[in-house]
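Listed in TrEMBL:
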BINDING   CYS93, ASP95, HIS146, CYS149  Zn(2+) binding site
TRANSMEM  12-39  transmembrane segment
Amino acid sequence: MAPSDGTLSRRGFIGGVGAAAAVGAGLGGLGGLAVPAYAGAANEEPSTPDGALAALIEGNRRYRTGRWTRRDYSPVGEERASKQAPFAAILACADSRVSPPLIFDVERGNLFAAHVAGNSIDDGSAGSLEYAVAVLSVPLVMVLGHTDCGAVKSAMDVVSGKASFPSETFGSIGAVVDPVVPAVQSVPEPERSLDHCIVANARVQAHALSIRGPVLPPAIRSGALRIVSAVYQIASGRVVLV
Ligand SMILES: [Zn+2]
C-alpha cells in the first residue's frame with residue numbers, strides 16, 4: 001500500500017519534463033539509440049473494468065516495444081505521500097523478475113500489487129485484493145502468472161511425487177506450494193507441461209478469487225469489478241490474457 005497518488009503529471013512536474021526532453025534530444029543521435037519519450041507520469045485513471053484492462057494492455061505494449069514512459073523515481077514529496085489512486089490491482093508471484101509497475105508502464109500509486117510465491121489465493125493475498133476493491137475502488141484485478149515459475153515447478157514435483165515440503169524442514173514453504181497443487185492436478189497428465197500448469201494456475205487462482213468471500217463476488221455481479229488471469233512471458237516481456 002504505497003503512499004502515493006496518480007497526480008504526478010498534473011502538479012509540479014513540468015520542469016522535469018522539459019529537462020528530460022532536452023537530455024533525450026541530446027542522446028537521440030547516439031548510434032541510433034532510441035530514447036523513450038519522456039511524458040512524466042502516464043497518470044492513467046480509468047474507472048471501468050474494461051478501461052483499466054485496456055490501460056494495462058497498452059502499457060505492456062509500450063514496455064515490450066521499448067516505448068515505455070520515462071519517469072521521475074525520486075521521492076514523491078509531502079503532497080503525494082498521503083494518498084494513492086490505483087486503477088487496477090495485480091496478484092503476482094514473488095519472483096524477482098515480476099515487477100507490475102514496470103511491465104505495465106504504470107506510475108507509482110496507480111497500480112496496487114500483492115505478491116506471493118505462486119500468485120495464489122490465501123488470506124493475505126485475498127485480503128489485500130479485497131482492500132483494493134472495497135476501499136480503493138479498483139475496477140480490475142489481474143491474477144498474473146509468469147513463465148519459469150518456481151512455485152509451479154515445485155507443485156508439479158509434489159504432484160509427481162518427486163518432492164515434499166514438510167514444515168519441520170521447510171517452514172512455511174509448503175504452505176505456498178500447496179495452493180498451486182490443485183491447479184497442476186487440473187491439467188490432464190499427458191498435457192502437464194510447465195507452461196500449461198502456469199496457465200492453469202493463473203486461471204484457477206482467478207476463479208477461486210472470483211467466488212471467495214463477501215466483497216468480490218457482489219462487485220463482479222454489479223459490473224464494478226472484473227477479475228482476469230494472465231501470464232507474463234519473461235523473455236519477451238509480453239503479458240498474455242489466459
Ligand atoms: Zn513464480
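Note: Cβ is positioned from N, Cα and C throughout, glycine not excepted.
Values in this document were obtained by computation on a predicted structure and should not be read as measured data.
Apart from CYS93, ASP95, HIS146, CYS149, the Zn(2+) site neighbourhood in this chain, defined by C-beta within 8 angstroms of the site C-beta centre, holds ALA92, ALA94, ARG97, VAL98, ALA117, GLY118, ASN119, GLY145, THR147, ASP148, GLY150, ALA151, VAL152, ILE198, TYR232.
Taking the Cβ of HIS146 (Zn(2+) binding site) as centre and 10 Å as the limit, one finds 22 other Cβ atoms among all the protein chains shown.
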